[in-house]
C-alpha cells in the first residue's frame, strides 16, 4: 500500500449506470452464478447441521454406538461437521476464484475506468 | 464438605508469577498499540484501521475476537463436566462461519463503510433503520460485554486467589480501565493488534497442551476417552445427553441453542465490523477462510483438552475449585506444566478477555458515533473529527458501564450469557441483513418490524424464562414468573423476526427506491465504489 495515493474519493457513478449494469447480461450471469452456488450450499449445510443436532438431541443410542476403541458415532459425526465445514470453505473459495471474481472485476473495470482499475490492481 | 472448603481457599500456582506474566503481556501490547496508533487521524483510521490489514491478519484477529473466554474456558469446562454435550457448543460456533462466508462477509464489505447499519440502511429510509440497527448493535454488545467482564471476575478468583467480591471487583475495574486505554489510544488498529497477538498465544498455548495431553495417553484418542470415563466413573461422558438429554424441555432447549449459535455469528456486530478493516471483498473472503481454519483447529484442541481435564483432574475437583466449570483449562495447565504453564495460560485467558472487550467497545462506540450522532443527530453533516471525538467519549462511557455491569454480573455463567448475545443477534439482526442483501422488495417497514420484533421477543422471552426466575440457579431465585419454559429464546424469536420482516414488507405500500436497490446489488457483487484503503500519512 501507499505508493499509489488513492484517498477515500468516490468514483462517481451515476444511478443510470448502476441501472444499466444491473440489467446487463454480464451482471445477470454473475448474480445467477453467485446465487445458484451459495443458496443451495447454505441450505445443504444447514440441513446437515440440524440433522446432526437432532440426532444428538433425540437419538442417544445411535450416537453412543462405539465405532473403534471408545470413539462413538457421535464423536465421528461431530468431527465430520468440522471436516465438512473446512471442505465447503475450500470449495467456495475455488468456485469464487474461477467463476465469480473474473466477471466481477471485469464489470468493475468497465464502470470505474482504466485508471481506477489500475490503481486497484497494484494493491 | 471440608475438603471442598480447603480446595476453595487455595489456588494453584503462584499469584505473583501470574500477575508478572500478565503484566508483561500488557506492557508489550501497549507498546505495539501506541506504535500502531501514530497515524490514527481520520474516521476510517479510527474505526476501520485505515482498511490496511491483510486477509490473513484480519482472519487471525477475527479468531482472536471470536475465541472469547467463553470459548476457551467455557467449552473446555463444559466438555470436562458434561462430556459430549459441551462439544456440541463448538460445532455450532464453527459451522456458523459458513453463513458469514457464503452469504454475508463479501457483500457487506462491498456495500458498507464502518458499521452494520451502513449496509442495512443503504437502500431503505436512513433514520428509522439506522436507529434500529444501532440499538440492536448496542444491546448485543452489552450482553457480550457483560459475559466477558463476569468471566474476568471468576478467572481472578482462581488465578490470583482472590475470593472476596471486593477484590474481584477491583480486578474488573483494572481490566475495564486497561481496555479503555487500549481503545482510546489504539482505535481499531490497536485493538486488531491486541487480538492478533492474543489469538496466536491462545492457539499456540492450546496446541502445546493438546499435544501434551495426547502424549500422556500414547497419542491414542481412544485411550484418552477411556481415561476420562474411568476418572468420571461414568461411561455416559462420551455420549450425548448428559446435560441436554434430561427431559423434553432440555432437548428442545438444545435445539433452540443450536439455532441461535449457527445463525448468530454472522449477525454479531463486532464480527461484522472486522470486515471493514481489509481493503477489498476478496480480502474479506480470505479473512473468513483464515478464521474458519484457526477456529476449527482450536475447537479440535478444546475437545482433547476437555476430555484431558476430565481424565487428569476430574469433574469433582474442577467443580470444587474457585471459578468452578471455567477453571478446567487453567487446572489442566497446572497439572501438565506446573505454575509456569498455568501463569502463561492465565495470562492468555486475561488477554482474551481484554481483547474481546476492546473489540466490543470499539464496535459499540462506532455505532453510536457513526449511526446515531453523525447520521441521525447531525443528519450526515458531522465533521469526521467530531465523529471520532464522540466515538472516543462513548468508549469511556461504555467502559464505565461495562465495569459496573461486570461487577453486577460477577458469578453468572459466562458461556450462557454469550449464548444469549448470539440469540439476540440472530433474532434482531440476521433476518434484516439477509433480506436487505438478497430480497429486492424488502422495505423499511419490514426492516423495522423485524429488528424491533426480534429484539423485543428475544429479550422478553429471556425475562420470562427459567434463566431469570423460577429455579435455584436463576438470577432471581426467590421469584417465579417463568412462563416461558426454554432458557434460550432462539427457537421462537428467530423465526418470528423472519416472519415479521416478510410481513412488514408485504404490507408496505411505500414505493421502493429502485435506483438505490440497483446500486446496492451491483456494488455488493462487484465492489464498484467500495471504500478504498486509506493512504499512508
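Using the three backbone atoms N, Cα and C, a Cβ is placed for every residue, glycine included.
Matching B:489-507, B:508-526 against TrEMBL, the residues noted as transmembrane segment span B:489-507. Listed ranges B:199-219, B:220-240; the one TrEMBL annotates as transmembrane segment is B:199-219.
Using the rule of three or more Cβ pairs under 8 Å, pairs at least 6 apart in sequence, the transmembrane segment (B:415-437) is not in contact with the transmembrane segment (B:288-313).
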